[in-house]
Amino acid sequence: MAKVLYITAHPLNEEQSFSLAAGTAFIETYKEEHKDDEVIHLDLYKEEIPHIDAHVFSGWGKLQNNKGFEELSQEEQAKVGRLSELSEQFVAADKYVFVTPLWNFSFPPVLKAYIDAVAVAGKTFKYTEQGPVGLLTDKKALHIQARGGIYSEGPATDFEMGHRYLTAIMNFFGVPSFQGLFIEGHAAMPDKAQEIKEDGIRRAKELARTF
């Protein structure tokens, strides 16, 4: 049985969001095809994801100086404890499905906060004399991304930094398989928006059967 983290980073719902429409189709089909797997949905707009701030640095510093967790302030305990929960949950999963829009050439900031929470030395990667080495070598990941313009080819290609960033992070973590499913052009070609959406949903369902 595999454990799947279905990670969505969009404030709207599947009726309003092309990425969530494809993501919902993917995960529903996945559940039908992999009935023994456990799927955990993390809606990053609803989850408590602490930003790495002064309280977090202070708490980490105290722990590194051999102070007990109970010696941290209440706010330090809450933030450091939650960050630890998120990173442990991430490491325990077998598969990751990220669902995002493309906003200002990247993804919503809640996903960056989440990546910061799980990018932990000793858990998702380690430092060696040869440099950092990823530890998640038995995982696989997928990024479902909707983007209103055309970024797969043409002059805007270099401006797409959301999927490129996730590709770099998954590689840094050692994840050997990272796929992308893109729904694009619906804002540039509004007369074809419904067709583009339906095609994205179809491709998402197909991919779910073999992911």
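Cβ coordinates are placed from backbone N, Cα and C, and glycine is handled just like the others.
Residues or ranges marked as FMN binding site by Swiss-Prot: S17, F18, S19. Long-range Cβ neighbours of F18 (FMN binding site) (same chain, at least 6 residues apart, Cβ-Cβ under 8 Å): P101, A146, I183, H186, I196, K197, G200.
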Environment of S17, F18, S19, the listed FMN site - residues of the same chain whose CB lies within 8 A of the CB centroid: H10, L12, E14, Q16, L20, A21, A22, G23, V99, P101, A146, I183
Candidates S17, S19: member of the binding-site residues with the richest Cβ shell (10 Å): S19
